[in-house]
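What follows is one structure encoded as structure tokens, with my remarks underneath.
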């Protein structure tokens, strides 16, 4: 079983609404009396929400067309309803002073006016498409399913009722083209990762979806496959940690199989408070094969093979960091050029005060946390090292860029996660350079004009730009009469390294030179690339490989970037041949597909998809 786990070697960070992990009711569970409505409070600020409007005129026939499946030959995409004028709350956004001292400070462009669904969950797959999906809980989306593809609606009071609206789409991030996907069970606040063959394995959700495992392959005609399972004993390729009222972990079973029960994890129970604050724990696979697990304000190093806690780490003071406090976190790049001196650090930035959710219930929205903390979990006596962001941020995303810098974007400066619990949308992305000295690591970039609050997402694309989507602070698709309308617009952000003045340095990988059998552990890997200008030497070149994550609720699960040792380099004018050492073991780079980049003089190429395997 353990070799199987290491073969997939990706870690699910937990489900928000997984339900009871072992099916039992614990009288010590302080959340037993909290109702589903807790998560809807503040969604409309005392007003009725406006769902997607039905067309006027045409009577019953028009209404049936609107509620029914897409017509023959139609895409099923509905026009996005007009937005109402921004409210006073919406206008209270934050744009930070842009730092142009290093030149181009990034740029935004609109990829699509209407993605059909709001991207609560987002992942980039190797066939050139992104998968976006939300939840069946919010009701109708803006895209219908094809005829004959409707799903039974288990929540309807009408016997035999069908839901003919798409809750997932395949999105072409180059053209904006959409293909609807059919999800059978509710995916609200679920989790996911890729297996060794590049298939997405997606778990949990809410209502009828809380025990489901779903699979999606990378192809232009593939659709979701779903399997039901009960939770727990080790049998599968992934580990799921936590969830609402789930103080436990389990291994995802193989397709069609089921677990009997969950294994308790004391950290999750000990870090639970009256508003939870430990959902979607931060989980990272460390180079020695242990796991770093962070929940609320505490963390451990955990040996999943033995079920033992290897090390308890110091408390991170200042507030809470997991949902609904929702800080940003990732494993910093692993620089394999350092060999035995490799250091694996985790960074956690922002979050909220521990009482932010309860204050939000009374209409009070405290400032988000501003600190950024780093720690080496494997180091005995490790301590958190603190830095300060240009502003506090909650509900943000952090992505590792091909250069090894981090991009922080989306979110708010006040409040916390939850429908209607965030205020002062933070429109300015921030670049974080982990290798600079403290106090010099942050650079404010050009802002977007679209607030991205609760349920917003982002993803690094193969061309080294960033896809930004989602945001829905409402319990349905609402476009007027609310402070933050449901967001179906999709943007692309161009980081500073793709500025016009740097274009002469941009390398291009020769796809024909990339070995078709992928990269084997501990082996040499040789390929070619070109640059527009001559004079690029070995010291100017860095080769990185990026594991594409599953992003939801401000956390990009399984995200990691490795910097590979360059062992041979040859230049002939604008043509270059480079040889790198592949990662020596799956604990450093779990098997699967990675985006491989060449970075020349700080400018990344477009990625080549490379399979990592034995």
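Cβ from N, Cα, C; glycine included.
The stretch that TrEMBL tags with region 'Disordered', taken from the ranges 43-65, 66-88, 89-111, is 66-88. Mean pLDDT for the domain 'Glyoxal oxidase N-terminal' (120-497) in this predicted model: 89. Shown for the domain 'Galactose oxidase-like Early set' (506-612): DSSP residue counts in helix, strand and coil, namely 6 helix, 59 strand, 42 coil.
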